[in-house]
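J.: Here it is, the structure in full.
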């Protein structure tokens, strides 16, 4: 659908400008997940110039990842307050400025603050809003859209690392950081295309009779009262403890098994190539009519497959067995990447997705800071990769079993409650109150159109031929909250 005038009651376009938004989301996802790993190609030069150890230089990527995950609630607040496009533009500038300033660093601390904190924060302010906009533009094709967007991670990871190696050899790490900073300005271009979907102008929440209009929280913690959301949170925590460990240790594990360096490094390329194919394919599969209502179980199946792959391959020693492990791991890893945010969108709905995503990323940040570092310490202490693979696989299997069993129990418990109309086949626990409130008539609002009460908006009543007399500022129209009426269909 084109960007025509507002249409009353229109849902997500599922196409049109949404494909441009999907392309931008593909780029942002690639930068967010690929950039912290791509920076690691400069670590050898950083160690030489600063006289530091590997663990000291590795903190640059660690801080960047911690900012990407840990600032989720901050991103949610900013998106709810200002909208997706302004936050993404600011994030692109921050990410670029961080790398440019890092190219002039004379101490490791300066690298931590610039490339780590500033660039990590900038990537976080791009990643979360891009996923939110994707949910606003796609409903029927949303699983496919999520799979295609998630494919940006392996594509950029396999591209940025060789590019960084080339830039480092030709211009040094300072020149490489400077050019990477210019490359990150593409995040601003991606943010610029994030225009709101066509639809009615936003209207603020009404004031209760005889009182002031209700102030809605910028970070909606009420989503934590939803049982299915809490199940998802626990699943993501358990998953993040072990999901990334095999990929991190794979090359060293292969070398320990006697595989030559070049062939060991190629194993990661195999994982990346399979991952690129698996993500969009899994997204298309999850979008099929008969499978889409069961996406949480597909996610559980992907986790089980990934964990069992780790357990079965823990004793792999030959190169052929390791190649088979990489193919199976890349396939299951791609399935997890394609389904993780689709499950969250289906669980909480578009109106609560910004707050829910911020909380999930914060929980995942804690797990990421526990799992891989602990695995590294165990390897140093035990000199045994087999135990680490068993431990990581067990954690991921536990996450898959927990997701499947608790989802089934939640569905059984809610069978006696008649589901409300929803694109996903029902409403979550916390959406019923909102649906009941939204069905009431809209009285005149006493608040300014740009206030926080405009975060969740309603479509104009069918019997109202003319729009409100007050002009609504563009800032509110940009806000994700300004599209709740459309996002609820997601």
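Our numbering is plain: 1 for the first residue shown, then up by one each step along the chain.
Cβ coordinates are placed from backbone N, Cα and C, and glycine is handled just like the others.
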J.: So, in Swiss-Prot, are residue 56 and residue 145 both on one side of the membrane?
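T.: According to Swiss-Prot, residue 145 sits on the opposite side from residue 56.
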J.: Name the residue range among 231-251, 420-440 that Swiss-Prot annotates as transmembrane segment.
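T.: The range carrying the transmembrane segment annotation in Swiss-Prot is 231-251.
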J.: Could you tell me the mean pLDDT over the topological domain 'Extracellular' (374-386), as a whole number?
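T.: Here the predicted model's pLDDT, averaged over the topological domain 'Extracellular' (374-386), is 82.
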J.: Mind tallying the topological domain 'Extracellular' (169-172) by DSSP state, helix then strand then coil?
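T.: DSSP classes over the topological domain 'Extracellular' (169-172) add up to 4 helix, 0 strand, 0 coil.
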J.: How many of the residues that make up the topological domain 'Extracellular' (36-58) does DSSP mark as helix, as strand and as coil?
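T.: Computed counts for the topological domain 'Extracellular' (36-58) are 20 helix, 0 strand, 3 coil.
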J.: Taking residues 6+ outside the transmembrane segment (353-373), which of them lie with a CB under 8 Å of any CB in it?
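T.: Residues packing against the transmembrane segment (353-373) from afar: 62, 65-66, 68-77, 79-80, 124, 128, 131-132, 135, 219-221, 223-224, 229, 232-233, 236-245, 248, 341, 344-345, 347, 392, 395, 480, 487.
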J.: With pairs fewer than 6 apart in sequence excluded, do the transmembrane segment (173-193) and the transmembrane segment (86-106) have three or more C-beta pairs that lie under 8 Å?
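T.: The transmembrane segment (173-193) and the transmembrane segment (86-106): touching, yes.
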